[in-house]
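Asks: According to Swiss-Prot, the record shows the following:
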ACT_SITE  His64  active site, charge relay system
ACT_SITE  Asp108  active site, charge relay system
ACT_SITE  Ser202  active site, charge relay system
DISULFID  Cys31-Cys161  disulfide bond
DISULFID  Cys49-Cys65  disulfide bond
DISULFID  Cys96-Cys254  disulfide bond
DISULFID  Cys140-Cys208  disulfide bond
DISULFID  Cys172-Cys187  disulfide bond
DISULFID  Cys198-Cys223  disulfide bond
DOMAIN    25-247  domain 'Peptidase S1'
CARBOHYD  Asn44  N-linked glycosylation site
CARBOHYD  Asn78  N-linked glycosylation site
CARBOHYD  Asn101  N-linked glycosylation site
CARBOHYD  Asn152  N-linked glycosylation site
SIGNAL    1-18  signal peptide
Amino acid sequence: MVLIKVLANLLVLQLSYAQKSSELVVGGDECNINEHRSLVFLYNNSFGCSGTLINQQWVLSAVHCDMENVRIYLGVHNLTLRNNAEIRLPEERFFCLSNKNYTKWDKDIMLIKLDRPVKTSTYIAPLSLPSSPPRVGSVCRIMGWGAITSPNETFPGVTHCANINILPYSVCRAAYKGLPAQSRTLCGGILEGGIGSCMGDSGGPLICNGEMHGIVAWGDDTCAQPHKPVHYTKVYDYTDWIQSIIAGNTAATCPP
């Protein structure tokens, strides 16, 4: 089991070697350039992750994507052209656990306040938080710059998107030993395999009905295997905490 963060130097070096394949995220296709306006790239010259713009000055990501000297790129499609993007720095970061001692199955969430707001544009727009939890069986969208092949990773350089299903949590418990009976995560994937979030997609969104329902957290060492779904932090369970922090209540606590 691995967190789906990526060594970004490797990603950048491999951009020109990406393969054209119908098995492109793994099992996806290149996103429409206007489809991922909320998606952001977190990068510090060593590691890369994704995040999601949820209003003009706040980004939601995974706490395991926290890194020093990070820059936040908005409006990016092709990573080789990221210097044409809007660039922001984190002004403040907020975690559910002050020591960031998260577990694989709980509280892998980070809220970042940008040093200055961004304007909505053709390529940049915030994504709404969920109004209710997604139902099992819902078809949701994943996206990112992560590997499109696994276990020998190939990175595409441009954003890829795919559809997956919200699966019963029992499917994830059957796939990964030691999970608790309940968790503030969503189990997502395709039971037959072939499609799924992969190395480099960490922190990115799981989008259902136009709302941000999940944050890419962790999955199997080899991506998109049958009966090996990915775990996504369940954003709905943290909406009160998120909204309280944004409103200025920095002492707000996460759900237990």
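Each residue, glycine too, has its Cβ placed from N, Cα and C.
Show me how these features fit into the shown structure, please.
Replies: DSSP assigns His64 (active site, charge relay system) to a helix. When other Cβ atoms within 10 Å of the Cβ of His64 (active site, charge relay system) are tallied across all protein chains shown, the result is 20.
The secondary structure of Ser202 (active site, charge relay system), as reduced to three states from DSSP, is coil rather than helix or strand.
A C-beta separation below 8 Å, combined with a sequence spacing of at least six in one chain, links Cys161 (disulfide bond) to Val25, Gly28, Asp29, Glu30, Cys31, Asn32, Glu35, His36, Arg141, Ile142, Met143.
In the three-state DSSP scheme, Cys254 (disulfide bond) is classed as coil.
Counting Cβ atoms from all protein chains shown, Cys140 (disulfide bond) has 21 others lying within 10 Å of its own Cβ.
DSSP assigns Cys172 (disulfide bond) to a helix. A 10 Å cutoff on Cβ-Cβ distances gives Cys172 (disulfide bond) a total of 23 other Cβ atoms nearby, all chains included.
According to DSSP, Cys223 (disulfide bond) sits in a coil region rather than a helix or strand. Taking a C-beta cut-off of under 8 angstroms and a sequence separation of 6 or more, Cys223 (disulfide bond) has the following same-chain neighbours: Val26, Ala147, Ser150, Pro151, Gly196, Ser197, Cys198, Met199.
Over the domain 'Peptidase S1' (25-247), the average per-residue pLDDT in this prediction is 94.
Under the DSSP three-state reduction, Asn44 (N-linked glycosylation site) is assigned to coil, being neither helix nor strand.
DSSP assigns Asn78 (N-linked glycosylation site) to a strand segment in the three-state reduction. Around Asn78 (N-linked glycosylation site), a 10 Å sphere centred on its CB holds 16 further CB atoms from the protein chains shown.
Following the DSSP three-state reduction, the secondary structure of Asn152 (N-linked glycosylation site) is coil.
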Asks: Taking Cys198, Cys254 as the disulfide-bonded residues to compare, which has the smallest set of other Cβ atoms within 10 Å?
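Replies: Among the disulfide-bonded residues Cys198, Cys254, the lowest count of other Cβ atoms within 10 Å belongs to Cys254.
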